[in-house]
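Novice: Next up is a structure, given as structure tokens.
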Amino acid sequence: MTPILAFLAAALLALCSVLVVAASDPSHLQDLCVADKSSPVRVNGVACKDAKDIIADYFFFSGLHMAGNTTNKQGSNVTAVNVAQVPGLNTLGVSLARIDYAPTVSTLFIHTPVPPRSSPCLRAPSMLALSSQNPGVITIGNVVFGSNPYISDDILAKAFQVEKTVVDQIQAQF
């Protein structure tokens, strides 16, 4: 190979390498986007505050350590943490949640001996990390047995393989 062809090959290789590097993904357009709830503009959920107006409180939530009220009909409580509570989560696509269960709701039918015997008095909440900026909560009992429009007793009895009287008893609670 002649020196000129070797030089051209090296130059072409260097040019292609630069083009490959330039074709990589640039940094995100919004590295930091704290939700501005007062803005009427909606960009990717909620508009962003000006970077000079951001304070540390926009990234903090102090309610996940407290148990929720479980004295309702479902015997559970969901404490959701999303952009509404922590504006710093805007455009990150994540949310957190804590689910508390009433003591009798989470009782299992399988008994496993626990040496310290602390399980009857301690609660075990569920801590969740969700890949959605604003997830919803759906309780199956309300949706199926308390739906509007009404779902036929025949369909529910076949789906859950129970008698119609059982379906009527459950629907009476909703």
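Placement of Cβ uses the backbone N, Cα and C atoms for every residue, glycine included.
Bear in mind that the values here come from a model prediction, so they are computed numbers and not experimental data.
For reference, TrEMBL lists these features for the protein:
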- 1-23: signal peptide (SIGNAL)
- CYS33-CYS48: disulfide bond (DISULFID)
- 63-103: domain 'Cupin type-1' (DOMAIN)
- HIS111: Mn(2+) binding site (BINDING)
Novice: In the structure shown, which of the disulfide-bonded residues CYS33, CYS48 has the fewest other Cβ atoms within 10 Å?
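Specialist: Fewest other Cβ atoms within 10 Å, among the disulfide-bonded residues CYS33, CYS48, is found for CYS48.
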Novice: Summarise the model confidence on the domain 'Cupin type-1' (63-103) as a single mean pLDDT, whole number.
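Specialist: Residues in the domain 'Cupin type-1' (63-103) carry a mean pLDDT of 85 in this prediction.
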Novice: Residue counts in helix (H, G, I), strand (E, B) and coil for the domain 'Cupin type-1' (63-103), per DSSP?
Specialist: 3 helix, 13 strand, 25 coil
